[in-house]
Amino acid sequence: MDPTAPLLTHGGEVEEDYAPARSWTDVKRVLSTESAKLWMIAAPVGFNIICQYGVSSVTNIFVGHIGEVELSAVSISLSVIGTFSFGFLLGMGSALETLCGQAYGAGQVNMLGVYMQRSWIILFVSCFFLLPIYIFATPVLRLLGQAEEIAVPAGQFTLLTIPQLFSLAFNFPTSKFLQAQSKVVAIAWIGFVALSLHVIMLWLFIIEFGWGTNGAALAFNITNWGTAIAQIVYVIGWCNEGWTGLSWLAFKEIWAFVRLSIASAVMLCLEIWYMMSIIVLTGRLDNAVIAVDSLSICMNINGLEAMLFIGINAAISVRVSNELGLGRPRAAKYSVYVTVFQSLLIGLVFMVAIIIARDHFAIIFTSSKVLQRAVSKLAYLLGITMVLNSVQPVVSGVAVGGGWQGLVAYINLGCYYIFGLPFGYLLGYIANFGVMGLWSGMIAGTALQTLLLLIVLYKTNWNKEVEETMERMKKWGGSETTSKDILA
């Protein structure tokens, strides 16, 4: 295939791939064009994901002013049990980023709604496999070494959030469906309204009604289901091109779809559970309440930044998959370069801001001076983590857009669990550096993983990726939806 050959876009217009950038003028043109395309997707998606993460963070903030034990319990529930299920279901839903993005780029828009329905079915069934972790959360947390004073209330809170688990089965696929078509402004508005209403509900249930952590769980469930329902309503009402109604085609090739979903889930879960594991290991240290609380506060701040970069992850995944579907290898490559460069700059800004505010930002979460000092000591590690987190999600997004989930899963397994986690355990427990040692070792694992992924990107043959995308679309495309395929 000639990489500069003209191609038809969805509107029927001829659009060529980039010519090679041979001068500073060419570089500036590519930077300007790709930045605009990237942020048209990344800004709304990032804002929405920050709002979604803000639901958990605001819940921790309100609960933190009830008491330290309550904060530890809810933090453990959301960061261990909640993150486990969140990571697995988000990963399962990420298969849509590959298929919907490439199908949309290739002009097979009619298949997007079918793919989304397949993902709904798969994720809903997956929730039942995750249910025992919620039901037996207290013994699971005991098994992971959590103190009894934290494990029991954390398990009780987890039981109350079971309804939220099932909302994710519809939330994630619907979001991916909209992202693939760059219909992301509505997602941002839904996220903003949901977060605003969540704050009001927390104030009513916890402050006014005095329902404590039970009120926090109730607000958490209502907010997450409200978000999922609002997205589905938008799809049915305003996305007629990609949504043609419920279809029997959703059950076709479902096992092959499951395999791709599992590959996506393994890749993402190995990333998300890695940071979750530091919370678990910290819970086994002496003075576990202060250690867990200080680390949880840092992870909340880190998570807010990570949500922005997950938005960029989604955007670059859409950009790469769309361009590969259109047969534009150089556009895919240049979009990656621009995104990595800009993300690194943003990460450096976050690091500087955290270091400057290291003695002050913990007051948002707690009034305890002891806890504030403990958080301040971890600020430098938090800053380094933020820089690494600025690049790593971008590279993972490229992997999803290109369909390389299996390769990245192996890299994640080796860097995180064979190198990073044992190294962190060695520094934290054997060398007695505590939480700072645990975190330092795990940072080393993330740094190694980022380096290897950058090498993979550098060696990628983008023309070959286009050819593989065309083959994938032939396999998954299917036929046009007919009246026989629509469910009555």
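All residue numbers here begin at 1 and follow the chain in the order shown.
Just so you know, glycine gets a Cβ as well, placed from its N, Cα and C.
As annotated by Swiss-Prot, transmembrane segment applies to 38-58 (among others), with the evidence given as sequence analysis. Listed by sequence, the residues of this chain that lie at least six past the ends of the transmembrane segment (38-58) yet keep a Cβ under 8 A from its Cβ atoms are 78, 82, 175, 179, 182, 184-185, 187-188, 190-192, 194-195, 198-199, 202, 220, 223-224, 227, 300, 303-304, 306-312, 314-316, 318-319, 335, 338-339, 342.
Annotated transmembrane segment per Swiss-Prot: 73-93 (among others), in sequence order. Residues of the same chain lying 6 or more positions beyond the ends of the transmembrane segment (73-93) and with a Cβ under 8 Å from any Cβ of it are 56, 59-60, 63, 119, 122-123, 126-127, 130, 133-134, 137, 140-141, 144, 146, 150-158, 161, 165, 168-169, 172-173, 175-176, 213, 216, 261-262, 264-269, 271-273, 275-276, 279-280, 283, 292-293, 296, 299.
If you look up Swiss-Prot, you'll see 121-141 (among others) marked as transmembrane segment, on the strength of sequence analysis.
The transmembrane segment annotation in Swiss-Prot covers 150-170 (among others) and is backed by sequence analysis. Sequence-distant neighbours of the transmembrane segment (150-170) (same chain, 6+ residues past either end, Cβ-Cβ under 8 Å): 69-70, 72-74, 76-77, 80-82, 85-86, 89-90, 120, 123-124, 126-127, 130-131, 134-142, 213-214, 216-218, 220-221, 224-225, 227-229, 231-232, 283, 288-289, 292.
With a cut-off of 8 Å between Cβ atoms, the residues of this chain six or more beyond the transmembrane segment (187-207) that come close are 43-45, 47-52, 54-55, 58-59, 62-63, 66, 175, 178-179, 214-216, 218-220, 222-223, 226-227, 230-231, 234. Positions annotated as transmembrane segment by Swiss-Prot, on the basis of sequence analysis: 187-207 (among others).
Look at Swiss-Prot and you will find 218-238 (among others) tagged as transmembrane segment.
Residues annotated as transmembrane segment in Swiss-Prot, with sequence analysis given as evidence: 262-282 (among others).
For 296-316 (among others), the entry in Swiss-Prot reads transmembrane segment, with the evidence type sequence analysis. Sequence-distant contacts of the transmembrane segment (296-316) (same chain, six or more residues past either end, CB-CB distance under 8 Å): 38-39, 41-50, 52-54, 56-57, 60, 71-72, 75-76, 79, 97, 179, 275, 278-279, 335-336, 339, 343, 346-347, 350, 354, 361-362, 365-366, 371, 375, 378-379, 381-382, 385-386, 389-390, 393-394, 396-398, 400-401.
Annotated transmembrane segment per Swiss-Prot: 336-356 (among others), in sequence order.
Residues 94, 97-98, 101, 264, 267-268, 271, 298, 301-302, 305-306, 309-310, 312-321, 324, 332, 336, 339-340, 343-344, 346-348, 350-352, 354-355, 358, 407-408, 436, 439-440, 443, 446-447, 449-450, 453-454, 456-457 of the same chain lie 6+ residues outside the transmembrane segment (379-401) yet bring a C-beta within less than 8 angstroms of a C-beta in it. As annotated by Swiss-Prot, transmembrane segment applies to 379-401 (among others).
Residues or ranges marked as transmembrane segment by Swiss-Prot on the basis of sequence analysis: 408-428 (among others).
Counting only same-chain residues 6+ beyond the ends of the transmembrane segment (439-459), those with a CB under 8 A from a CB of the stretch are 274-275, 277-278, 295, 336, 340, 378, 381, 384-385, 388-389, 391-392, 395-396, 398-399, 404, 407-408, 411-412, 415-416, 419-428, 433. What Swiss-Prot records for 439-459 (among others) is transmembrane segment, and it gives sequence analysis as the kind of evidence.
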TODO: Find the member of 121-141, 262-282, 336-356 that has more C-beta pairs under 8 Å to the transmembrane segment (408-428) than any other listed stretch.
DONE: 262-282
Open item on the list: Same chain only, please: residues at least 6 beyond the ends of the transmembrane segment (336-356) with a C-beta under 8 Å from a C-beta of the stretch. Say none if there are none.
Closed with: 30-31, 34-35, 38, 301, 305, 308-309, 312, 315-316, 319-320, 379-380, 382-384, 386-391, 393-395, 397-398, 454, 457
